[in-house]
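Undergrad: Positions annotated as compositional bias 'Low complexity' by TrEMBL: B:619-634. According to TrEMBL, the feature region 'Disordered' maps to B:614-652. Residues or ranges marked as transmembrane segment by TrEMBL: B:6-27, B:34-51, B:63-83, B:95-116, B:224-249, B:256-279, B:311-328, B:381-406, B:413-434, B:505-527, B:547-570, B:582-604 (among others).
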Amino acid sequence: MTRLLDVENLAKSYAGLAAVRHVSFGLDRGEILAMIGPNGAGKSTCFNMLNGQIRPDAGRIRIDGVDTTSLPPRAVWRKGVGRTFQITATFGSMTVRENVQVALMSHGGALGRWFGRADTRGRDEADRLLALVGMAADADRAAAELAYGDLKRLELAVALANRPKLLLMDEPTAGMAPRERVGLMRLTAEIARAEGIGVLFTEHDMDVVFEHADRMMVLSRGLLIAEGPPETVRRDPEVRAIYLGEGLVYDARHQEARADASTSGPQPEARA
Amino acid sequence: MQLVFVQFMTGLASAASLFLVASGLSIIFGVTRIVNFAHGAFYMLGAYVAYTLTDRFTGAFGFWFALLAAAAIVAIVGCLLEMTLLRRIYQAPELFQLLATFGVTLMVQDLVLLIWGPEDLVGPRAPGLAGAVEIFGKRIPSYDLFLIALGPLVLAGLWLLFHRTRWGVLVRAATLDRSMVAALGINQKWLFTGVFGLGVFLAALGGALQIPRDAVNHGMDLRIIVEAFVVVVIGGLGSTTGAFVAAILVSQLNAFGILVLPKISLVLVFLVMAVVLVVRPWGLFGTRPPPAQASIGMAVRPWRPLAPGEIAVAAAVVAAVALMPLWLGHYALTVASEILIFVLFAASLHLLMSVGGLASFGHAAYFGLGAYGAAFVVKAAGLPMLAAIAAGPLLAALGAAVVGWFAVSLSGVYFAMLTLAFSQIVWSIAFQWVDVTGGDNGILGLWPDAFAASPAAFFWLTLAVVTPALVWLHMVIFSPFGYALRAVRDSELRAEAIGIDRRRVQWIAFVIAGTAAGLGGALFAFLKGSIFPDVMAIPTSVDGLVMVLLGGVETVLGPIVGAVVFKALAMWLISQTDYSKLVLGAVVVALVVAFPKGIVGTLADWRDRLTARRGAGPSDAEASADATAAEPPAGTMAPAPSPATVAGRTRP
Ligand SMILES: Nc1ncnc2c1ncn2[C@@H]1O[C@H](COP(=O)(O)OP(=O)(O)O)[C@@H](O)[C@H]1O
Ligand SMILES: [Mg+2]
């Protein structure tokens, strides 16, 4: 049986700067794969190539055996790929529920209709997804007024709307309080295991990675330098070198992010 | 062969002024990200001031001094404008910037009329360059040769300025990355003012240099601004070299168009522009523009369709309007019909600019196409009025389908300029294709059928057509398609990532909006009994934008309120004063700066504040007071913090 995601020799440069250099990896159904690496390692670039946002310079991407390398994002989405963005992208003028409803309507092929009210379509399913990510109470709020952590949750609900086979989550927990991070990833892992969804995510918080990832891969300056179960990768000398070298900076940033997260906006009550 | 040479030289000479204006526009945009609609007004002012000064200062020295002094004076006026107006709107959505500078254009038109009177003014010849030089057996005016040499000289001068002076290097740095300049500790405010002054100087000089060639007149501003838009769109917004090359291209097309294809000479330039845009969307020398700073129409208060109670109120309003013929006279009823038609026009534009985030500066084209479509059906096919009102919008739909297909590949100011340019094509066709459209004389004798001949009957007919159309537009907004349209406006990235085809959705919206506008145009033709090209000129398009803005660009019902208030106000003004443009322009500027939410938006804010105060406990009231305090002070118009800025804060 073909793998859910099969990436071969993926490469991308920006004006001479090699952001991603011939990276190959795969992902199975129901598997949770963490991609880690310092800032600028090329993680987001990889994600953007996987969902068609950026066209790779070289390499091939297959999803469920189908070549999606040169497809635009909307076509990749139709193949069953949901994603969240490092910098969240939601429809600010709509309510939280409407954000999910739009994704549901798009999945059901209803967005071309000029007649009939949209706000009653897929309402129950939207509420179910929102409840799943712990946003049920915010369904009628405008997305523009959400705190950052809640936006990440909303993005997850939107990404689940097309019943994806593959979920791409670029820093899903960035900007969240530590407790929230673990909660969100635990939730994602549960959903993924229950529905057999493959998850690829990037994450700076190693606690989250070690707790939830089945496998991890390490990217550094666009190169894949290690791959395997978390226990093995953790002991890899090259990885240790990178993270030791980066260690201080990394920890400092980490602390800062936490501090910011705990002061930015009203904290939602603990969920999940 | 000789004729070709003469035309070629004339084209080159015309390119000089066009290049000056376009490069000024481009430089200002590069640094401030403002597309200065008032650039044409500064060009015109440069010419008028130069006319006055050359009258005062004669002789060789006096003449050239007068030209430079005129440009300098206008540049100072430009700096003052930048300091008092533009500084307040740098953060505002592009539409507001375009509108504010258009408001200034309107004001300048009347000011020029006040100061210099309505006649065309003929300036002196350039001393020493009044003659002609014989080249290849043809006499070429010396002044043209001077202009031909001037273009490359100015280009070289600008290059030196931007590459060899500290100030110029800073300007270039600011063009690439504005945050960098702030980081270098440069006073960004004065850099912007300086750049704006330079751009205005170039425009005014371009105008001043025209006085030995052409009479100074009132149409100069809009004519040059449309050409300058075309030039920067072809050359690439922000590129001086692009402006130079494109100015020559456009001028040559104009010069040879008249020679080779006189029937379509006006259209030729726009056709070339369309081709360039298909091949290189950001112009020959341009680069992809940064994403728009703030999209218009982004309401923080989510929209909802009318509740049953509100529908009852709306129905009551329609019923009350339907009773108006019982107490209004003939003239008032005609005015009321016209207002209704413009309500539909504004609502159609609202679908595009508020729901779709695409501010068209050429929406009048589809209004006009609907009107001409109806006229053709009556004149050529001899069909009755109702058939014409049904068929007219088809021509508008066709036009919108063609233009929209090009336009939706762009966004923001590019979209605005492109739609403006296309509306000028349509206008040129109506103006130039005399056999079919009657040209300037228009098409006359489009009287309603007997049953609708009385003003009351026509009013009822208008109401019976406009009301369902408005209901339909309202339904579209809240249909799944309307959500898709808002989705691509709010976040193209997210929309594409959930399977929405942005271009397709926006193209369909463009066609719907154009068709609805065309329906209004068809009614308009019968209301007036005639149709002229000017109905689709720029002012009509801008009227539509102002109506939507006045009503409240972030609201659903704004265009209806805005159109009624604006149209009534405009008609009243014209009856009261000869300087209605001055007042109107000031109103537009004031709206943008002090009242950006419009009538309905402001009312909704008040209502929200009231309910917050009346409802629930003190904590709620506090929260709403906080929200008010957190709002930017009136007049600064900082966009609401977007998720991206929040992200920027949490993850440096
Ligand atoms: N649009 C772009 N243009 C130029 N360089 C880019 C662009 N996007 C990313 N890069 C560069 O590519 C490298 C990888 O970036 P990215 O994929 O965002 O890394 P990560 O997500 O791992 O932090 C970085 O050096 C970054 O500066
Ligand atoms: Mg990243």
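Backbone N, Cα and C define each Cβ position, glycine as well.
Keep in mind that TrEMBL annotations are predicted by a computer and have not been checked by a curator.
Remember, predicted model here, so these are calculated numbers, not experimental data.
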Undergrad: Between the transmembrane segment (B:381-406) and the transmembrane segment (B:505-527), are there at least three Cβ pairs closer than 8 Å, leaving out pairs fewer than 6 positions apart?
TA: yes
Undergrad: Looking at the stretches B:6-27, B:256-279, B:505-527, which one shares the most CB pairs under 8 Å with the transmembrane segment (B:413-434)?
TA: B:256-279
Undergrad: When you look at the transmembrane segment (B:311-328) alongside the transmembrane segment (B:6-27), do they share 3+ Cβ pairs under 8 Å, ignoring any pair fewer than 6 residues apart in sequence?
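TA: No, the transmembrane segment (B:6-27) and the transmembrane segment (B:311-328) are not in contact.
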Undergrad: So, do the transmembrane segment (B:95-116) and the transmembrane segment (B:256-279) meet, by the test of 3 or more Cβ pairs under 8 Å (sequence gap 6 or more)?
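TA: Between the transmembrane segment (B:95-116) and the transmembrane segment (B:256-279), contact is absent.
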Undergrad: Same-chain Cβ contacts of the transmembrane segment (B:63-83) under 8 Å, 6 or more residues past its ends?
TA: 38, 42, 45-47, 49-50, 52-54, 56-57, 104, 124, 126-127, 192-193, 196-205, 207-209, 211
Undergrad: Six or more residues out from either end of the transmembrane segment (B:224-249), which same-chain residues have a Cβ under 8 Å from its Cβ atoms?
TA: 11-12, 15-19, 21-23, 25-27, 29-30, 35, 37, 39-40, 43-44, 105, 151-152, 155, 158-159, 162, 175, 206-207, 269-270, 272-273, 276-277, 280, 282-287, 289, 413-414, 417-418, 420-421, 424, 538
